[in-house]
Amino acid sequence: MLSNPMHLHRIEVLITDINDNAPSFREKEMTLNISESSFTGERYLLPMANDADTGSNTVKNYKLSPNEYFSLDVQSSGQISESAELVLQKSLDRERKSVILLTLTAFDGGKPPRTGTLKITVQVMDINDNAPIFSQSLYKAQVPENAPLQTSILTVSATDLDEGINCEIVYSFIERGNFNPKSLFSINPDTGEITVIGNIDYEENAAYDIRIQAKDKGTPSRSVHGKLLVEVIDVNDNTPEILVTSLMSPVKEDDELGTVVALVTVTDKDGGNNGLTDATIVGPVPFKLKLNYKNYYSLVVDGPLDRESILCYDVTIIATDEGSPSLSSTNILTIDISDVNDNAPLFSEPVSIVFVKENSAIGSTISHITASDPDTADNAKIRYSLLGDLSINIPITSIVNINAENGDIISLQSFNYEELKTFQFKVQATDSGVPPLSSNVTVNVLILDENDNNPTILAPYSELGSVNSETIPYSAEAGYFVAKIRAVDADSGYNALLSYHLTEPKGNNLFRIGTSTGEIRTKRRMSDNDLKSHPLVVLVSDNGEPSLSATVSIDVVVVESTADIQTQFRNVPLKEDSFSDLNLYLLIAIVSVSVVFLLSLISLIAVRCHRTDGGFSRYSAPMITTHPDGSWSYSKATQQYDVCFSSDTLKSDVVVFPAPFPPVDAELISINGGDTFTRTQTLPNKEKVLNAASAVGVVLPPPLCPPTASPSQAKEERETNRSNRGMETALQYR
């Protein structure tokens, strides 16, 4: 039933008649003028009775009241009386009886039968003893439908053997039954010409049976009755009619081929070839007409339906007859297509990157996920949910939540970049169809570092206001190494890039510090005017916004000779006159740096080639330690540092570069021998990162320019650090 729910059946309803109508005559009385010279056996046509009933309940018989002159002759066809005539059985004698009263009774076939009567008055007239005679007993004629008025059909003629007025004939129509021929035709009473005076319509009546009377002017007049059969010739004046008897709308977009959508009937009131029709569908639509029986068609599905492509179809049916010229008509059916859940929700991209600032407020919206569904109603109503975590070992539902209605991703905790740099999860979009369909999107969350950690001063020096002591000889030359301050910062990027600044008593101007190395050296030789003790304050600040800092106090004491210097683990730096040894160390440092750089580059390429999606979430920022003698130390452990001692100094350079961006980003930092550094950050997909950052309201930090020394300081540094001149450390990570 579902594949073909409609069937065509032809039903004929037969209404059974009951005898609830009595026969009746058009007139209650009639008069017959009969000449006394009439011969026995002459017949006089009587009007027929009408009965609204049908079948056996219609008029079956007639009876004439008893008399000695006339009898009744009824002509029957089967069980139906076609005519009733009075028959003269005995010659009339006006002198004996001039008027004969008769009663004609009509009986129907009901049980009990019903009757109707007609009073007949026979007047016996004198001598017109010849009745007119038609030239033919049956006249036949053809007339086209829609024939113009006054169109002549034919002329009937009758003759009378009498003479004078008794042979002058008058023609007329005889009304019988429910048809009145005078409504369509006219007969000339003198000539017998029959013409059209009404609209002849084949569809109303294909033929007309007309009774004609020829009557002379004798006294009494005599008449004769003739029969005229008029055949109407059909012309193609009716267009086909298209009737949709049943329509299933809307139609499901997944209905199978052959599914019945509607029943179509085509009719034409014309006859013959003019009434033969053919129906077709115009245009490329996924429907067709299937002929069931004669002019009955089924409109069925003939192709795939897709509501997402076309919501409804206007199916144009054209029906054409076989007339000449042919006529046609059209009917447009609008068929709506109903939706089924055949489309899963769709995300614009399979992977979404979200940037979130650390220390963001709990309950804040960090991103908005949106999926679309081309279906409609419940089939397009989407709900969002979180799937299992893919990158960390804690439930994702303890970190973020998602609004099932609008796709807002809400943080459930304040993120700490130093503890969690990135994590990954999936969002599932499910529609409300039956059965429901769903799709997933992978969300990569990148925590953006904020400058929330102060620099930390490393041993052997401490902070928080405690004073440390260093000694230098009075004979120290300009550039003499005093101490090296080491510090680390738990933040990342610019927030962890440290610079060192020195504050000494006003007017001293005896010491300087490397902005990026933290090395404290003398600017000049001692003089007799210099104090024996110099309190110094070293400020270590990061490059975050706002910048955070830490301080350490060092008391530099001047002694008379190097023998008084009692510092453990200390080796005095080489003098500038040891030029040959310096060249050797420089060569060794350059070779070491080159080898380490090549090995690091090869390792980096290998790691990148074997990195998987899971590795994305496990990425840790590298920590690289460089030393003035050219040695490097490298650690992948996040937020660790290493203290290395070189032959040149008690202190080491510790530089920590955590990754503020995912592995697809890169950063180049160069530390020059002149205590200055440059930093270049390269984003291969900068536009995507900026767009993703702006989508969540994150403002990426602008490029920072490192602090630069004054011209005099730069000159002194170039002079005192010739041993480091030409050495440039390039650190690049991805």
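The backbone N, Cα and C atoms fix where each Cβ goes, glycine too.
Along the domain 'Cadherin' (26-134), the predicted structure has mean pLDDT 85. What TrEMBL records for 26-134 (among others) is domain 'Cadherin'.
According to TrEMBL, the domain 'Cadherin' annotation covers 135-242 (among others). Within the domain 'Cadherin' (135-242), the DSSP-based counts of helix, strand and coil residues read 7 helix, 51 strand, 50 coil.
The annotation domain 'Cadherin' is assigned in TrEMBL to 251-347 (among others).
TrEMBL lists 348-457 (among others) with the feature domain 'Cadherin'.
The feature domain 'Cadherin' is assigned by TrEMBL to 471-569 (among others).
Look at TrEMBL and you will find 703-734 tagged as region 'Disordered'.
If you look up TrEMBL, you'll see 584-607 marked as transmembrane segment.
Listed stretches 251-347, 348-457, 471-569 were compared with the domain 'Cadherin' (135-242); the greatest number of C-beta pairs under 8 angstroms is found for 251-347.
Taken residue by residue, the domain 'Cadherin' (251-347) breaks down under DSSP into 4 helix, 52 strand, 41 coil.
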